[in-house]
Every structure is written in C-alpha cells, then in structure tokens.
Amino acid sequence: FFAINENKQAKPNLAHSTVALVEPDSEERDPWDLPEIKDTGVPWSALDTRGKALRVLVSVLKLILLLGLLYMFICSLDILSSAFQLAGGKTAGEIFQDSSVLSNPLAGLVIGVLVTLLVQSSSTSSSIVVSMVSAGILTVQMAVPIIMGTNIGTSVTNTLVAMTQAGDRSTFRRAFAGATVHDFFNWLSVLVLLPLEAATGYLYILTKLIIDSFHIQSGEAPDLLNVITDPLTESIIQLDESVIRDIAIGIPEAKNKSFIKKWCQTYTNTTLKNMTVSGPENCTAPSLCWVDGNTTITLKNMSETYYIKKCQHLFVDVNLTDLAIGLILLALSLLVLCSCLVLIVKLLNSMLKGQVALVIKKIINTDFPFPFGWVTGYIAILVGAGMTFIVQSSSVFTSAITPLVGIGVISIERAYPLSLGSNIGTTTTAILAAMASPGDKLANALQIALVHLLFNLSGIVLWYPIPFTRFPIRLAKGLGNITASYRWFAAVYIIACFFVLPLFVFSLSLAGWQVLVGVGVPLIVVLVFIVVVNVLQKRRPDFLPAALRSWDFLPLWAHSLAPWDKVVGVCTAKCCCCCKCCQGTNEEHEEQKSVLNGTKVHKAVYDNPAMSVEKEVENEIKIELNILKKTQL
C-alpha cells in the first residue's frame with residue numbers, strides 16, 4: 001500500500017517485524033517525569049442513572065477495601081516489630097550493656113542503628129536509652145549519638161517496602177528513590193551533625209537550656225491509632241517490653257524472662273516483714289535492727305505479686321521459645337505485609353484513574369503561584385508531621401507513601417518534604433511519651449526526646465531550604481537509576497548500608513580508637529578522592545590530568561556494574577535451572593500432547609525465532625551501551 005521509488009532500496013514492511021509490535025521508547029523523555037494519566041473510562045455525563053449508582057457503589061466498596069488493607073498493613077508492621085523483638089530483643093538489650101563502648105560516639109551511633117534494626121521500632125530503642133539514662137548507666141551526652149542511630153535504623157522499613165515493587169522498572173525506579181531519599185537525608189545529617197556534636201555538644205547544651213528554662217510537668221501520652229489497631233494486634237501477641245530495659249540496665253533475672261506477656265493484670269503488695277540476717281551490717285537501718293541471742297533480725301520491705309487476669313492472645317499458652325515464636329510471626333507478618341502492599345498498589349491503580357487521579361496529582365504536586373511557591377514544601381513538611389503524629393509511626397507513614405511514589409501519584413520532589421515532616425512527627429510522639437514519665441525521670445527523658453527533635457530540625461535546615469543543598473533528592477535519583485537497570489543492586493544497598501557497614505564500624509570500635517582511626521581515615525580519604533574526581537570528571541575535566549579524566553584505566557569490574565550483573569545472572573540461572581528444566585519438560589509434554597491430538601502449535605509473528613534472536617542481539621548492544629554510560633564510577 002505504499003509506493004516504492006525505483007532509485008531507492010525497498011524497505012521491509014514494519015508490520016512483519018517484531019520491532020513494530022513494541023512501542024519505541026522516547027530517549028528524550030525524562031524517566032523521573034510522572035506518567036501520563038489518560039481518562040479511558042466512560043464519562044460521568046454519558047452514564048444513565050443505573051450506571052452512576054453502580055459506579056458510586058463500586059467506588060465506595062473500593063474505598064472501604066482500601067481502608068481495610070491499610071489497617072492490615074499497619075497491624076502487620078506492628079506484629080513485625082514484635083517479631084523482631086522476640087527474635088533479637090535480648091541481643092539488643094545485651095548490646096547496650098557495654099558502657100565503655102558506648103562512650104565512643106561512633107560506636108554509639110552504630111549501636112543505635114543495629115538495635116533499631118533488631119527491634120524495628122525507634123520508639124522502643126529510644127525508650128531503652130531513656131531507661132538507661134534514668135538508671136545512671138548512660139549520660140545524656142553518651143545517648144545523643146545513639147538517638148541519631150535510631151533515626152537511621154527506622155528508615156529501613158520503607159526501603160524494604162519499595163522492594164515489593166521491583167516488577168516494573170519505571171515503578172521500581174520511582175519507588176526506590178522515594179524510599180531512599182529518607183535514608184540519604186538521615187545519613188547526610190549524621191555525617192555533618194555527629195562530628196559537630198562531638199566537637200561542641202550543641203544539641204546537649206541547647207536541650208539542657210530548654211529543660212532548665214521551662215517548668216515542665218508530667219502529662220499523659222495520647223493513644224491515637226493504637227486504639228484502633230490494639231484489639232487485633234493484642235489478640236495475636238503481647239510483649240513485656242520492660243524485659244529489654246531490664247537486660248540493658250543489667251538486672252540478671254531479666255535474662256531468663258520471656259518477652260511474651262502471660263498476665264495482663266497483676267497486683268503487687270508490699271509489707272514490712274521480720275527477716276533474719278547474718279549480722280548487724282546487713283540490717284536495713286540501725287533503728288530497724290535488733291539481736292535476739294545469736295540471731296540478728298531486721299525489718300525489710302517484701303513484695304508479693306498476685307496474678308489476677310491472664311492475657312488472651314494466641315501465644316499465651318504455647319510451649320515454644322521466644323525465638324521460634326518470633327520467626328513464626330516474622331514469616332506471617334511479612335506475608336501479610338507484602339500481600340497488603342501488592343493489593344493496595346493494584347487497588348490504587350484501579351481507583352486513581354481519569355479525573356480523580358488528575359485532581360489528586362494536581363493538588364499534591366502543584367506549587368503555589370509565584371512568589372509563594374517556596375511555601376508549598378513547608379506545608380508538605382507540616383502535613384507529613386501531622387500524619388505521622390496521627391499514625392504515631394514514621395515507618396508507617398513513609399511506607400504508605402512509597403507505593404504512591406512508585407505509581408506516579410506523588411513526585412519524589414514532594415515525597416522528600418513529606419519524609420522530613422515524618423521525622424518531625426515521630427519526635428513529637430516521643431516528646432509526649434517522655435512527658436508521661438515519672439518525676440525523677442522526666443528531665444532526662446524529655447531532654448533526649450528534644451535532642452531527637454533538634455537533630456531532625458538541624459538536618460532540615462542543612463538539606464532543604466536552599467534548593468541547591470537538596471542533595472538527598474539527587475542521590476536518591478542516582479540510586480534509583482542504578483537499581484532500575486540492576487534490580488539486584490537494591491538488595492546489595494540494603495545489606496551494605498544497614499548491616500555490613502554498621503557491623504564493620506562496630507567491630508573497629510571494639511578494637512579501640514587507634515584501630516578505628518587507622519582503618520577509617522584512609523578509607524574516608526579514598527572515598528572523598530573518588531567523589532571529588534567524579535564531580536570534576538563531569539563538570540571540569542580540564543582540571544584533571546589526562547589519566548584521571550575517565551576510569552577506563554581501571555579494570556571494567558572496578559568501574560562498571562555490567563560484569564557483576566553477568567555474575568548475578570549466571571548465579572540466578574543456575575539457581576533457577578531446575579525450575580526451567582521442569583518448565584521445559586512441561587512444554588515438551590504439551591507439544592507432544594497437541595501433536596497426538598492432531599493439533600498444530602502456531603507461533604505469533606513476534607515468536608519468530610530468527611527475528612527474536614536478531615532483536616535480542618540489538619537489545620543486548622543497547623543495554624551494554626547504556627550500562628557503560630550510566631555506571632561509570
């Protein structure tokens with residue numbers, strides 16, 4: 001149906017090529033642009049009365065289902081935290097016991113990260129620190145780096161949530177960047193503020209002035225979302241969180257206690273009783289001591305606990321160890337968590353279509369008109385703080401917005417201030433919880449909570465007001481681009497940043513300051529050199545010698561992820577070999593069965609072996625060129 005010029009070579013019709021069946025990607029399109037949302041449904045005005053009623057009913061049912069899935073998602077996060085406490089709570093308590101290690105600020109930071117990872121709750125790890133300060137085991141100055149570490153440890157949850165969206169590259173790029181922008185903010189804030197605090201102690205001095213200036217009375221911490229979630233979570237498991245604090249404080253009997261709460265209502269009666277002691281030096285007081293012959297008697301307070309009401313959760317009478325119950329709950333909570341996330345994303349995709357999605361995207365991502373456009377981000381910070389205060393968990397809020405970033409409803413530029421607001425919101429909850437402390441512990445508990453608040457406010461001042469300083473967004477986008485091309489690198493990032501690096505620094509801290517400085521300083525110098533050279537290669541290569549204007553003088557594996565990708569591909573292929581063999585056997589069986597039945601297997605145009613091989617070669621060449629371009633060190 002088209003004319004061919006005699007002087008021109010005839011070209012094959014694209015209808016017979018596999019390339020024509022795939023919509024070509026636009027290289028000019030920014031991968032971080034939000035996807036276009038087209039209204040493909042029937043307009044509201046075109047529906048009759050029955051159609052309108054049906055659409056309203058379906059929308060209401062979807063909204064109810066969405067709220068139910070969000071409720072299960074939040075409950076599964078609560079159960080996940082309990083599972084981590086059962087599996088690693090005693091280890092977390094024992095980590096805090098070595099106060100000589102905690103005197104090292106870097107070791108305190110790493111301990112805060114590791115303990116928060118073990119218990120999956122910054123509130124729990126912060127309460128342990130408050131108890132240790134109140135008991136005199138830690139000073140407030142020693143507790144400041146630990147609080148910074150808890151801020152880092154709590155950001156791993158939404159990063160894990162982003163892993164559930166690895167199916168689609170574009171969605172995964174946005175979701176992982178939206179999650180890790182929180183990580184980069186916390187790491188960069190610690191990188192600047194920890195040395196500043198070690199040198200000047202400004203967080204301790206400011207919070208001390210605030211505590212001494214105001215006459216603060218004890219209050220009551222409010223229960224907001226817990227009122228709704230506790231009936232379900234407490235019917236599954238209830239923990240005695242005082243056991244971790246007792247282990248950290250050093251009470252020997254706590255090591256043999258179980259975290260599982262058996263009795264929900266108890267009564268303790270304290271009475272004075274006559275006790276026989278070995279000598280007058282063991283008496284309670286000289287006035288409460290007398291000698292009857294060879295026997296020394298004194299009066300002592302004796303406490304007796306009466307167990308009134310037993311708890312009603314599932315594991316109250318189960319004869320399993322804490323570790324076994326923790327692993328069971330860990331598997332179940334992860335299953336429910338991932339299932340809820342997948343269903344929430346699918347439900348949001350079905351709900352956020354047409355005009356509804358356009359309105360939501362416009363409201364969330366549109367700035368105020370000039371000259372008030374800068375106010376929009378600060379309002380987003382307030383919204384994030386308020387929502388986190390309502391749900392009383394920064395992990396829940398940031399994990400909830402991560403899928404929205406992935407599907408393109410929220411831009412990463414808007415997710416960044418929302419995450420900063422969630423950091424503020426979780427500290428307000430800690431302040432209210434500290435206000436509920438007894439009078440003798442109120443000052444220390446409140447000062448630590450204020451340290452957490454001022455740390456996050458200082459981080460916002462560093463990395464948000466000036467657009468040029470919003471490095472977390474750029475770093476998160478760079479990591480998102482890498483993980484979109486190499487999805488296995490997301491797992492490497494999580495393991496390296498939240499487990500390997502903290503454990504490595506903690507091991508060096510145990511060896512002493514000399515080893516820590518001797519190993520750490522050269523590594524930092526090399527890292528700074530690499531960063532500076534990378535920046536100069538992109539911006540001012542003429543400042544560098546010819547050898548350093550590219551990393552091509554290094555082996556390919558040292559400045560590109562392409563060789564590592566092949567290694568991962570080979571390992572994955574070997575692991576999946578059995579599955580592929582089984583699949584191939586099933587396909588051969590189906591083909592033999594079709595031949596016996598007299599049917600013929602037809603291949604579509606895009607299943608042509610010659611064409612598919614040709615296309616694979618072209619795709620591999622394009623992918624390798626993009627890899628070498630994007631993954632230079």
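Heads up, the Cβ atoms here are built off N, Cα and C, so glycines get one too.
Unlike curated entries, TrEMBL annotations are predicted automatically.
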**Asked** What range among 39-59, 396-416, 417-437 does TrEMBL describe as transmembrane segment?
**Response** 396-416
**Prompt:** So which residues does the transmembrane segment (60-81) touch in its own chain, when a touch means Cβ under 8 Å and the partner is 6 or more beyond its ends?
**Reply:** 119-121, 124, 157, 225, 228-229, 232-233, 236-237, 329-330, 332-334, 336-337, 340-341, 343-344, 347-348, 350-351, 391, 393, 395-396, 399-400
**Complete:** When counting C-beta pairs under 8 angstroms to the transmembrane segment (486-505), the leading stretch of 101-119, 184-205, 368-389, 396-416, 511-536 is 101-119
**Asked** Under a Cβ pair cut-off of under 8 Å, which of the recorded stretches 101-119, 323-348, 396-416, 511-536 contacts the transmembrane segment (184-205) most often?
**Response** 101-119
**Prompt:** Near the transmembrane segment (368-389), which residues from the same chain, at least 6 beyond its ends, have a CB less than 8 A from one of its CBs?
**Reply:** 224, 396-397, 414, 417-422, 424-426, 428-429, 460, 464
